[in-house]
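Everything below concerns the one structure shown next.
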Amino acid sequence: MCLSRFVLLIFLVVVLPAVSADVAILRTDYYQKTCPDFNKIVREAVSTKQAQQPTTAAGTLRLFFHDCFLEGCDASVLIATNSFNKAERDDDLNESLPGDAFDIVNRIKTALELSCPGVVSCADILAQATRDLVTMVGGPYFDVKLGRKDGLESKAHKVQGNVPMPNQTVHDIHGMFKKNGFSLREMVALSGAHTIGFSHCKEFSDRLFGSKADPEINPRFATALKGLCKNHTVDDTIAAFNDVMTPGKFDNMYFKNLKRGLGLLASDHLLIKDNSTKPFVELYATNEKAFFEDFARAMEKMGTVGVKGDGEGEVRRRCDHFNNLNV
């Protein structure tokens with residue numbers, strides 16, 4: 001062997017890092033050969049479900065966030081609690097995750113198991129369904145790279161401290177985003193997901209009632225919310241739209257609302273008050289194109305957080321159960 005070839009071999013072996021078989025390599029055409037009808041099946045299922053239940057898009061987007069923020073986009077939030085384990089979805093912070101979001105993932109999984117059994121992960125179903133639903137209600141298109149495996153763990157006790165709460169400061173919330181690789185600007189862009197969906201009264205009632213009521217809420221808005229939420233302590237299902245102006249349309253109205261005192265959650269309102277986030281709110285309020293571009297890029301990035309490869313996960317037969325039922 002000549003010296004130059006020997007040196008090259010040493011360089012390749014010693015200097016270049018080896019690629020582990022456990023690392024998930026995502027690509028948009030992952031199922032092109034193994035499940036060619038994947039895109040069609042997902043698209044048709046979400047179209048039917050969204051027509052039946054218009055809050056599905058917002059619910060699925062929220063479910064995707066909650067999944068990815070705790071140990072990555074691995075469908076661990078879909079796992080049901082059993083006698084061996086209390087799962088993520090049954091933690092207090094996840095109890096309001098909407099049933100329609102879980103339902104659409106299960107519907108798609110059932111259809112895919114008939115078409116290409118044992119091929120498509122629940123994590124990929126959730127990611128693809130989220131994108132299709134966002135675009136269906138007017139939001140930006142973004143690529144979804146596929147090839148995730150489903151996680152092998154779902155622990156309720158790990159949720160606290162990993163999912164943002166409405167009463168936290170901008171600093172604390174950004175800490176969670178930063179831990180997952182997101183900048184402050186990306187955090188604000190992703191907060192724009194609140195342009196669709198709703199929140200339960202218990203999540204913002206402290207802004208309305210008692211000695212600590214927030215004087216910065218738009219007075220007419222506050223009066224309407226007080227009327228809506230007056231019985232929230234006996235009926236915890238009462239909820240209000242996050243975006244009171246265009247609740248079913250994905251647009252930049254959420255940011256316009258913040259400037260008018262129409263932010264529903266305390267954490268929403270803080271985005272326009274905090275000097276670090278205010279410039280981004282003002283940008284997105286006046287430039288929907290900038291918001292859509294930033295949101296799309298951030299969602300593509302979100303879909304790659306903590307993904308599992310072959311050695312770290314599985315393709316579940318059912319999205320709400322591990323293949324090993326004793327886990």
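Keep in mind that glycine also has a Cβ here, set from the backbone N, Cα and C atoms.
Unlike curated entries, TrEMBL annotations are predicted automatically.
A disulfide bond in TrEMBL ties Cys116 to one cysteine from Cys35, Cys68, Cys73, Cys201, and that cysteine is Cys35. Note: TrEMBL links Cys122 through a disulfide bond to Cys319 (candidates: Cys2, Cys319).
Cross-referencing Cys2, Cys68 with TrEMBL gives Cys68 as the cysteine bonded to Cys73, criterion being a recorded disulfide. Rounded to a whole value, the Cα-Cα separation of His66 (active site, proton acceptor) and Cys73 (disulfide bond) is 9 Å. Arg62 (site 'Transition state stabilizer') and Asp243 (Ca(2+) 2 binding site) are 15 Å apart (CA-CA, integer value). Taking the mean position of the Cβ atoms of Thr195, Asp243, Thr246, Asp251 as the Ca(2+) 2 site, the remaining residues of that chain whose Cβ falls within 8 Å of it are Ile196, Met245, Pro247, Lys249, Phe250, Asn252, Met253, Tyr254, Asn257.
Taking Cβ-Cβ distances under 8 Å and a sequence separation of 6 or more, the neighbours of Cys201 (disulfide bond) in its chain are Leu225, Leu228, Cys229, His232, Asp236, Ile238, Ala239, Ala240.
Considering other CB atoms within 10 Å as the measure, the emptiest surroundings among the disulfide-bonded residues Cys68, Cys116, Cys122, Cys229, Cys319 are those of Cys116. Annotation for the binding-site residues Asp243, Asp251: lowest Cβ count within 10 Å of the residue's own Cβ, Asp251.
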